[in-house]
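As annotated by TrEMBL, domain 'Kinesin motor' applies to 3-325. Per TrEMBL, the feature ATP binding site maps to 83, 84, 85, 86, 87, 88, 89, 90. The coiled coil annotation in TrEMBL covers 341-408, 668-758.
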Ligand code: ADP
Ligand code: MG
C-alpha cells in the first residue's frame, strides 16, 4: 500500500498582477498578504511544492520520473494535472518548446529505460483520447467518436474501439501526439485564450517479457496514463455562454465526481464502501489509478493571483484529500492471452498451423527434393559432356589408327606390285643386252654373240633390317627373312620410297588401339556423333572393299600361273617341233629348261592351292600381282625365244660350217653356264614366290584384325547411340518434372497469397463484428439497467 504522490505547482503570476500571494517553503505552501503577512496561519504540506520559478524538468524529475520507471518495470502509473483554468495544467503536461512537459519527457524516458534493460523485450502501444462533454473521442483517429468504456475480466476497464498504435521509438510517439493535439477541443474563454475544453488522456501500454524465456512465460503489462484535465471554472468568471456554458457544465460535473471519488477514497472511516467511479467517464477510466493497482501522482496547479484565491484554496483542499488516498500497486504479470505479445504469438502459431494444414510443407519438401535432383542431373550432364569429349578424342585416335591401317594395306599393295620392278628390270635387262643386231653381249669387250646373261644379285647392298623392327616381328606385316636377301634398292622400290614406314606400320598394331568402354553418353554432341558414325561406316565399307581385293590376290596369282603354264606348253611344243636332232646340245638345253620351268610352275600351283584353301573368291578384277606373273610369263617367253633363236643360229652354224669337236665342246660349256644362270634365276623366282606367300599371310591377318576392329567400332557406336537416346529420354523426364514442380510451386504460392488475403478479410470482418457486438452488448446492458431502475421505482 502506498499513498498517492501529490504536488502543488504555482505558476508565475501574470505581469500586471504583481507578486504571488502564495509562499512556497520546501514542501509547504501558504497564503500571504501582499505585504508579506499571512492571511491565515494555515499552511499545507505536500510531497512536493513547486514555486513559480520551477521548471517542467524539475517537476518531472521529482514527481513523475519514478512512476514512469515503475511503469517500465510493469506497474500501472498515472500522472495528472488538476487545477482551475489557466493555472498551468497544460503547461505542466505538454510544456513548451524550450521546456517540454511531463508527457514528452515521459515518452523519452520510457525508451531510454527500455534501452537500458537488455534482458527483456518490449512492445509499446499508445492511444490518445479526450473526454469532451462526457463523450470519449479518439485523438489519433478522428472517425472514432463517442467511444464506449468496457470492462473485461482480464483486460479490466478499457475504451472499446480506441486506436492503439504500436510504436518503436519516442519520436514516433511525439509525432502521434502532435497529430492528436490538432484534434483536441480548445476554446477561448476570458481566462485562457487557448483553454482546454476537454480532459485528455495519453495512454501508453507497455508489455514486456524476458528474452531468454526460460524462467516463466509471464508477460508484464503496465498502463501509463498521463492526464491533462480541463480546468474547473466558475461560469460567471469565464463569461461563458452557449456552447462554452454547456462545456463548462460537463467539465465541472466530471471534476466534481472526481472530487467525490477522491473524497470517498480519502475517507478512511467509510472503508471504501462505494466509490462512484461510474458516475463519470473520467473517474471510470482513471479507476485503477485512484485507489487501485497503480502508482499515481497528482500535480495540482494554482494560479497565484488574488482573484483566484478561492479556486486555489479548493485545489489545495482537493490535493490534501488526494494525499490521503492509498493505492496498492503491483507488477502486472499476465499468464493469459490478454497480453498482445502472447496474442501475436498465438496468431503466428495459428497461421503456421493453417499453412501446415495446406500441406505446404510437404510440397516445399518435394520442391526441395526436385531441386536437388535437378542439380544432380545437371552435374551428371556436365560429367557426360566431359566424357563425350574424351570419347571423341579416342575416336579420333581410332580414326588415325584406321588410317594407318589403310596406309599399311596400301604399302602391302605396293609391295605386291614388286613384280613391276621385276618386269622393268627384265625389260631393262633385255634392252641393255640387245645389240643392234638383236643379240645380247655378256660384256662390252666381247663381240661374240652369246646366250642370255642375268645380272647376279649384288651382295654388297644386302642390308639387315633394323633390330627394332625384327624385335617386334610378331606385329610385322612383312616377312622377317626378307631382310637377309633384299638389297636397299629393292626395298626402296617395293615400298615406293616408304621404307621408313615399315617401322611405323608395325608400331601401330590394331590390338593396341583398344578403346576404353563407354559408360554413358549425352545428347549435347549428338549430331557430331551421328556424323562421326557415318564416317566410320564409310571407312568400314572402304576397308571391306580393300579386304576383298586382298583376298582376290591368290586367286589372281593362281590364274596367272595357269596362263603361264599354257603359254609355256605352247612354247615348248613349238620349240620341240623346230629341233630335228634330238641329241643336239640345244635339244638338251631345251629339255633341261622345260624340266626347270615345269617344276617351277608345279611348285607355284601347289602353293597357290594351299593359300586358297583358306579363302575362296570368284572375283576377276585386275590386281598388281597379275602383272607380276605376267612379267614372269614374259620373262620365260623371252628366255625361250632367246634359247630358240640361239639354238637355231647354232644349228645353222653347225650345219653350214660343220665346225670341229673343239668348238662343240666350247659351246656345251657355254650352255652349261647358261643353265646355271637359269637355275639361279629360278631360285630367285622361288624366293619371290615365298615372299609373296608370306605377304599374303600377313595381309590376311591384318585384314582379320581390321574386320575385328570395325566390328568393335560398330558395337561401340551402337552402345553410344543407345546411351545418347537414354540420356535424352532422362533429360526429357527431368525437364517435365521440373516444369511440373514449378507449376505446383506457383499454384502453392498463389494459394498462400489467397489464404493470407482471406485471413486478412476474416480479421477485418471479425474486428467489425466484435465492435458491433460490443456496442450492441452495452446498449442491451444500459437498457436492462434502465428497465431495472424503472422496475424498482414502479412499486
Ligand atoms: P490550464 O491548462 O490550466 O488552463 P495553461 O497551462 O494553458 O492553463 O496556462 C495558462 C497560461 O499560463 C499559458 O499561457 C501558459 O503558458 C502560462 N503558464 C502556465 N504555467 C506556467 C509556468 N509554470 N511558467 C510559465 N508560464 C506558465
Ligand atoms: Mg489546459
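Glycine residues also receive a Cβ, built from the backbone N, Cα and C atoms like all the rest.
All TrEMBL annotations are machine predictions without curation.
What TrEMBL annotates, mapped onto the structure for a quick look.
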residue: 83; record: ATP binding site; contacts (Cβ under 8 Å, 6+ apart): 89, 229, 231, 232, 300, 301, 302, 303, 315
residue: 87; record: ATP binding site; contacts (Cβ under 8 Å, 6+ apart): 11, 231, 301, 302, 303, 308, 311, 312, 315
residue: 88; record: ATP binding site; contacts (Cβ under 8 Å, 6+ apart): 9, 11, 81, 301, 303
residue: 90; record: ATP binding site; contacts (Cβ under 8 Å, 6+ apart): 81, 101, 196, 228
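In the vicinity of ligand 1, defined as a Cβ distance under 6 Å, the following of the binding-site residues 84, 85, 86, 87, 90 are placed: 85, 86, 87, 90. Its Cβ placed at the centre, residue 85 (ATP binding site) has 25 other Cβ atoms within 10 Å. Taking all protein chains in view, 25 other C-beta atoms sit within 10 angstroms of the C-beta of residue 84 (ATP binding site).
Other C-beta atoms found within 10 angstroms of the C-beta of residue 89 (ATP binding site) number 26, with every protein chain shown included. A 10 Å cutoff on Cβ-Cβ distances gives residue 86 (ATP binding site) a total of 26 other Cβ atoms nearby, all chains included. With respect to ligand 2, the binding-site residues 84, 86, 87, 88, 89, 90 contribute 89, 90 as residues with a C-beta closer than 6 angstroms to one of its atoms, given in sequence order. In this model, the domain 'Kinesin motor' (3-325) carries an average pLDDT of 85. Reduced to three states, the DSSP call for residue 89 (ATP binding site) is helix.
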